[in-house]
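> Have a look at this one.
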There are 2 protein chains.
Amino acid sequence: MATVNKNYLRLQGSYLFSRIGEKVRNFQSENPDKKVIRLGIGDVTRPIAPAIITALHSAVDEMGQESSFKGYAPDLGYEFLRNAIAENDFKARGCDISPDEIFVSDGAKGDCSNIQEIFGSDNKIAVCDPVYPVYVDSNVMAGRTGEYDDITEGYKDVIYMPCTRENGFAPDLPSQVPDLIYLCFPNNPTGAVITKERLQEWVDYARKNGSIILYDAAYESFITEEGIPHSIYECEGAKECAIEFRSFSKTAGFTGLRLGFTVIPKELTAGGEKLWPLWARRHGTKYNGAPYIIQKAGEACYSQEGRAQIKEQVAYYLENAKYIYDGLKSAGYEVYGGVNAPYIWLRTPGNMTSWEFFDQLLEKVNVVGTPGSGFGPHGEHYFRLTAFGSRENTIEAIERIRNI
Amino acid sequence: MATVNKNYLRLQGSYLFSRIGEKVRNFQSENPDKKVIRLGIGDVTRPIAPAIITALHSAVDEMGQESSFKGYAPDLGYEFLRNAIAENDFKARGCDISPDEIFVSDGAKGDCSNIQEIFGSDNKIAVCDPVYPVYVDSNVMAGRTGEYDDITEGYKDVIYMPCTRENGFAPDLPSQVPDLIYLCFPNNPTGAVITKERLQEWVDYARKNGSIILYDAAYESFITEEGIPHSIYECEGAKECAIEFRSFSKTAGFTGLRLGFTVIPKELTAGGEKLWPLWARRHGTKYNGAPYIIQKAGEACYSQEGRAQIKEQVAYYLENAKYIYDGLKSAGYEVYGGVNAPYIWLRTPGNMTSWEFFDQLLEKVNVVGTPGSGFGPHGEHYFRLTAFGSRENTIEAIERIRNI
């Protein structure tokens, strides 16, 4: 008799954003006249930039002609895109990453959740707390986390690394050595960043211990300050211990187009085995490539015109972030993030729980945010707002919150 | 210290089509003047139909305007597409499948390889032999297959169901009862089909034993004969024992656009646990939806114009199939398939091995096919040709093979 993967039954509640979505839908259907402003899920709102739209149209035309029609994409992704990525995202920042080390995919969420598959089921993972839920949930599904503990609000076999206002929301090196270390900077949900010196300490720690760092750099284009690494490969020795994930979702508004990539250096090993061939095999067996037209859209992000346009878009969201940050701060909130990241991380007022504050915002002022506790126990009493709304909605939402 | 998933090290050779691709690239670079005709990998060559191109352009324009821009897609896929699928692919054939039971994805390859994840790691799988390699390989990666046995050329814990000319390339019910049964009709690679009566026997067998049938119907649009089921849900009781995979890749030439879907009936259980919520959780946690513009392209396949155009495209490939079938048959080859499928399955001449015949075709007449043994030991001495080439190339390839 067929049976289910029992690890799935250990998952807590529904996926955070699905739960938020449901709450909002219910509220909206009971209150159809209310205008709900969504600063919850990290979804963008600016339209795709004109240079990218032009590239999309042109690629669509190619698909309609026999002479230029494209079927299955090459396993790693089209060379034109991998070349542009290697050149602009890595070589231009002094990182020695070759196009062959880049695996194009349909986004960082899939890559971040699938990467654990190529590692042993007994590998111990460490995650920041709070953290993007996908890292832990994908490991729960794979049976790597053990049982959920209601008291600690965490899985027994996971090393949680607290990110608190005391450590500037950048974790300390764990005393119990993990095999796999998930790091995300600029951070989701706290908006915190890490200096190059601090990140180098992580790289040194991983190399010393034979750990692999799974580095989620999905928000790197929001970095505005000097001295903050855009890629982990800016650190010495990172090619021996780190995998990096990137996304076009926030950089260029591709949440609805789907494009990302993963970097696996050729020399990277775990327990003496090279990781590149394993990920290549997974990619070849379980995935059939991002659509040609989307890869052409990705290429357009690196043209002179495209770069200027997406830079403007990021600047727009960063202005929203500043507006939220300043608006809440001047209203007496304790606020973090928002300078090198599209996320503002605020302390809930009056020691409310994160979900209490969520309900209050939704019901009283019809603003949707994300409860910090949804990202882990150390997120309790915090709340995430995103800068991805329209300017108008962002201003209105902050006005509403200020007047609670 | 991090270690790798040792199950990956049990995988045999490289993914079949990657290996073929490499052989062809090497030959081509050593013989740059030769015109190689590829009837190997099942990739389409006809351009995307005009009605779909129009829908793509229009959706691209929507993405470029703030008022119509789309971010993350809904978890299960856009309703407009799921409604069109439920109506046209299921209700129109008398199958009671609702839009909520349809999970839109980026193609059947990913779904077929990911589905095993929601089942227990001790579940025993049964596959046809020969078979599309993805079913077995994805289970090898998950540790469900045991060691590879060089003598039987199979994995020790897999139930292989021989598909031979004697049983018309449709397997007999296995005596050892599997938990998960992979079936694919019209079949890749043999081009065989199954009658509704025979498929009903499988459904009855699965219900009696508590097995789940994983039914890959990616090639259903090539069915030309009456009495052949297009969906397993045409059989009574299938909603209690079957998951179905569909693809737009071959139906509408979407190999480079990427769109497919999986049907999981709400009432379907394994060992008493409902499967729908598990797949929904996987979808929500590890996947972020097919691009909006691609889902709009999928919707266009169901418009009156779109349907007529893709029907014409399928007919074009079926004419190729007939040409290959007739041409090889009249040249004395033993040939199967090609009537309800885009694949022609032929017996290699003179008892050559499949790879010997592959090399002969590539080197002597510069035609690429797929060695039957790449699909499993019972594929040895067989060879697959696809009907997805252009008419001109198909005719030329068959002329060349006839003149070996």
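Just so it is clear, glycine is given a Cβ too, placed from its N, Cα and C backbone atoms.
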> For the pyridoxal 5'-phosphate site that TrEMBL describes with A:Y72, A:A108, A:K109, A:Y132, A:N188, A:Y219, A:S247, A:F248, A:S249, A:R258, which of these is also annotated: A:N83, A:N88, A:N167, A:N288?
A:N288
> By CA-CA distance, flag whichever of A:Y72, A:S247, A:S249, A:K250 among the recorded positions is nearest to A:N288 (substrate binding site).
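In terms of Cα distance, A:N288 (substrate binding site) lies closest to A:Y72.
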> Highest Cβ count within 10 Å among the binding-site residues A:Y72, A:Y132: which residue is it?
A:Y132
> Considering only the binding-site residues A:G42, A:K109, A:Y132, A:N188, A:R384, which fall within 10 Å of A:S247 (pyridoxal 5'-phosphate binding site) when distances are taken between Cα atoms?
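Checking each Cα against A:S247 (pyridoxal 5'-phosphate binding site), the hits are A:K109.
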> Please work out the mean pLDDT for the residues of the domain 'Aminotransferase class I/classII large' (A:34-401).
97
> Distance check, please: Cα of A:N188 (substrate binding site) against Cα of A:K250 (N6-(pyridoxal phosphate)lysine), rounded to an integer number of angstrom.
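Here the two Cα atoms are 12 Å apart.
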> Can you give me the Cα-Cα distance between A:K250 (N6-(pyridoxal phosphate)lysine) and A:R384 (substrate binding site) in Å, rounded to a whole number?
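With distance taken Cα to Cα, A:R384 (substrate binding site) is 16 Å from A:K250 (N6-(pyridoxal phosphate)lysine).
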> From the Cα of A:S249 (pyridoxal 5'-phosphate binding site) across to the Cα of A:Y132 (substrate binding site), what is the distance in angstrom?
15
> Can you count the other CB atoms that lie within 10 A of the CB of A:R384 (substrate binding site)?
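Neighbour count, Cβ to Cβ under the 10 Å cut-off: 26.
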> Among the recorded positions A:K109, A:S247, A:K250, A:N288, A:R384, say which ones reach under 8 Å of chain B by Cβ distance, listed as they appear in sequence.
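From A:K109, A:S247, A:K250, A:N288, A:R384, the ones near chain B are A:K109, A:N288.
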> In sequence order, which residues at least six apart in the same chain have a CB under 8 Å from the CB of A:G42 (substrate binding site)?
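Sequence-distant Cβ neighbours: A:N188, A:K250, A:P342, A:Y343, A:T386, A:F388.
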